[in-house]
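Undergrad: From TrEMBL, here are the annotated features:
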{"type": "BINDING", "residues": "LYS4, LYS5, GLN6, LEU7, ARG8, ARG134, ILE135, GLY136, PHE137, GLY138, GLY139, GLY140, TYR141, TYR142", "note": "ATP binding site"}
{"type": "BINDING", "residues": "ILE50, GLU55", "note": "substrate binding site"}
Amino acid sequence: MVDKKQLRKMIMQQLTEMPSEQYTSLSEKLASQLFLTSHWQQSKVVALTISRFPEVDTFPIINKAWSEGKQVAIPKCLPKTREMNFRIFSSYDNLEVVYSGLQEPVVDKTKSVQPSEIDLLIVPGVAYTLKGDRIGFGGGYYDRYLVDYNGFTLSLAFPQQVVNKIPLDQHDLPVQKIITITE
Ligand SMILES: Nc1nc2c(c(=O)[nH]1)N(C=O)[C@@H](CNc1ccc(C(=O)N[C@@H](CCC(=O)O)C(=O)O)cc1)CN2
Ligand SMILES: Nc1ncnc2c1ncn2[C@@H]1O[C@H](COP(=O)(O)OP(=O)(O)OP(=O)(O)O)[C@@H](O)[C@H]1O
């Protein structure tokens, strides 16, 4: 079986080759499927990441959450310990690029939330199985966070990201639901 590193590389290659119209329309489709779930409808605090191409576009999801009066939390990474602190943000003005080229919340302008306050955690990643096994970008941030998180977890996956099998390590934790394109 291919190892995690090879799998990440293969999938990333396929994703970056996606034409931008397809990227946008598939991201929108995934978001509309998410909005139909009871998990979305029932959650008041949603946690996700600020996406970067070729990750599933999270901007339409953030905008929808705000329009529905939900609170949106995004992670601030603590690279030393590879931990994350989720913070509620309410404007794109309250973001800054600090770490690894990723957009993060400005600490002075955002409020920290505990794992127990997050109703729905949308987990980013590179590859998934339909069962919910996943691999991310290799930071181990979510594997660490999920250990103490008891709310609902789901991931949004482009068809190119769904594979039959993922080489798992002992620390790898699955998500509860995968939303992908079904046609
Ligand atoms: N948009 C987005 N934001 C996110 C994540 C994500 O997957 N997507 N994360 C999801 O976790 C966290 C950041 N994850 C990161 C994962 C790895 C590295 C990193 O430094 N990687 C090394 C290579 C590591 C390796 O190959 O072992 C590098 O780039 O040099 C940085 C951030 C939080 N924010
Ligand atoms: N719960 C944990 N406790 C300690 N170390 C961990 C834990 N989870 C992952 N790690 C370490 O983090 C590193 C990256 O793990 P892995 O390759 O599984 O990341 P990933 O699944 O791509 O990342 P993520 O979960 O952030 O998306 C590995 O060195 C792994 O040993």
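From the backbone N, Cα and C atoms, a Cβ is placed for every residue, glycine too.
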Undergrad: Which one is it: of the binding-site residues PHE137, TYR141, which Cβ has the fewest other Cβ atoms within 10 Å in this structure?
TA: PHE137
Undergrad: Rounding to the nearest whole angstrom, report the longest C-alpha distance spanning LYS4, LYS5, GLN6, LEU7, ARG8, ARG134, ILE135, GLY136, PHE137, GLY138, GLY139, GLY140, TYR141, TYR142, listed for ATP.
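TA: Spelled out: the longest distance between any two Cα atoms in LYS4, LYS5, GLN6, LEU7, ARG8, ARG134, ILE135, GLY136, PHE137, GLY138, GLY139, GLY140, TYR141, TYR142 is 20 Å.
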Undergrad: Could you say whether, by DSSP, GLU55 (substrate binding site) belongs to a helix, a strand or a coil region?
TA: coil
Undergrad: Taking ligand 2 as the reference, state which of the binding-site residues ILE50, ILE135, GLY139, TYR141 have a Cβ closer than 6 Å to one of its atoms.
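TA: Among the binding-site residues listed, those whose Cβ sits under 6 Å from ligand 2 are ILE135, GLY139, TYR141.
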Undergrad: Measuring Cα to Cα, how many angstrom lie between ARG8 (ATP binding site) and GLU55 (substrate binding site)?
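TA: Answer for this pair: 13 Å between alpha carbons.
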Undergrad: Would you kindly give the Cα-Cα distance separating GLU55 (substrate binding site) and PHE137 (ATP binding site), rounded to the nearest Å?
TA: 11
Undergrad: Compared by Cα position, which of the binding-site residues LYS4, GLN6, ILE135, GLY139, TYR141 is the closest one to GLU55 (substrate binding site)?
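TA: Nearest by Cα distance to GLU55 (substrate binding site): ILE135.
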Undergrad: At the Cα level, what's the spacing in Å between LYS4 (ATP binding site) and ILE50 (substrate binding site), rounded?
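TA: Taking the Cα atoms only, LYS4 (ATP binding site) lies 24 Å from ILE50 (substrate binding site).
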Undergrad: Whole-number Å distance between the CA of ILE135 (ATP binding site) and the CA of ILE50 (substrate binding site)?
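TA: On Cα coordinates alone, these residues lie 18 Å apart.
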Undergrad: Checking the binding-site residues LYS4, GLN6, ARG8, ILE135: which ones have Cβ within under 6 Å of ligand 1?
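TA: Those binding-site residues that pass the cut-off are none, since no Cβ is under 6 Å from ligand 1.
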Undergrad: Would you mind pulling the DSSP three-state label for ILE50 (substrate binding site)?
TA: coil
Undergrad: Determine, from DSSP, whether GLY139 (ATP binding site) sits in helix, strand or coil.
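TA: Reduced to three states, the DSSP call for GLY139 (ATP binding site) is coil.
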Undergrad: Can you tell which of ILE50, ILE135 has the least company, meaning the fewest other C-beta atoms within 10 angstroms of its C-beta, among these binding-site residues?
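TA: Each of the binding-site residues ILE50, ILE135 was scored by Cβ atoms within 10 Å; lowest is ILE50.
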